[in-house]
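*Asks:* Below: one structure in C-alpha cells.
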Amino acid sequence: MVDVQPPPFRTLDDFLLSSARFSVPDFRNLERWNNRIINNLLYYQSNYFASAVGFFLIVGYFQPFQLILGATVVTLLFLGFVWAAENKAAIRRFRRNHPSLSLVAILGCSYLLLSVLGGVAVFLFGIAFPIFLTLVHASVRLRNLKNKMENKLESIGLKRTPMGLLLEALGQEQEAGS
C-alpha cells in the first residue's frame with residue numbers, strides 16, 4: 001500500500017468544459033464500453049473523488065446521521081462482498097463474469113438494508129447519485145492521448161492508484177494490452 005500514489009486533478013477544461021469530448025457509447029459492444037468506463041475511472045479518479053466528497057458534504061450537512069448510517073452500511077456490504085469473493089470460488093467467478101451485476105447487488109442490498117433502517121432518501125442522493133453521475137461521465141467521456149498513456153502506466157504496474165485498487169477488488173483488473 002506504500003507505493004499507492006494519488007493521481008493529479010485533471011483541469012476543469014479537460015474534465016467537463018471545452019476540450020472535453022463526449023459521445024454516447026456503443027451499447028452493442030459491451031467490452032469496449034466497459035474498457036472506456038474503466039479507463040476514465042482511472043484517469044479522472046481524483047476529480048470523481050472530489051465531486052463525490054463535495055456532494056457528500058452537502059448531503060451530510062442536511063442529514064448527517066443518515067449519511068453516516070448509509071456510508072457504514074455500504075462500506076460493510078462492500079467489504080463483505082470482497083471478503084466473500086476472495087474466499088468463495090463461485091462468488092469470485094460471478095464477480096469476474098458480471099461486474100455490473102456485482103455493483104448492482106451491493107447497492108441493492110444496501111438499499112434494502114437502509115429501507116429497513118429508514119435512510120433510503122439519503123442513500124439514494126448521498127451515495128448512489130454520485131456513483132451514478134461518475135458512471136455516466138465515465139461512459140460518455142471520450143479518451144484522449146494523455147488518458148491512454150496514464151492508463152498504460154497503471155495497467156503495467158508502474159503506477160498504483162486508489163481507483164486501480166478498487167477496480168481490482170471488484171474484479172476489473174486492467175489488462176496491459178487494452
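Including glycine, each Cβ sits where the backbone N, Cα and C put it.
Note that TrEMBL annotation is computational and uncurated.
What TrEMBL shows for this protein is this:
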TRANSMEM  41-61  transmembrane segment
TRANSMEM  67-85  transmembrane segment
TRANSMEM  97-114  transmembrane segment
TRANSMEM  120-140  transmembrane segment
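Map the listed features onto the structure and describe their local environment.
*Replies:* Remote same-chain residues near the transmembrane segment (41-61) are listed as 6-10, 15, 67-68, 71, 122, 125-126, 129-131, 133-134, 137-138, 141, 143, 147, 150-151, 154, 161-164, 167, 174 (criterion: CB distance under 8 Å, separation of at least six residues from the stretch ends).
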*Asks:* In the same chain, who gets a Cβ under 8 Å from the transmembrane segment (97-114) while lying at least 6 residues past its ends?
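*Replies:* Same-chain contacts beyond the flanks: 34, 69-70, 73-74, 77-78, 81, 120, 122-124, 127-128, 131, 170-172.
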*Asks:* Cβ under 8 Å to the transmembrane segment (67-85), counting only same-chain residues 6 or more beyond its ends: which ones?
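*Replies:* Distal contacts: 56, 59-60, 91-92, 94-95, 102, 105-107, 109-110, 113-114, 117, 119, 122-123, 126-127, 169-171.
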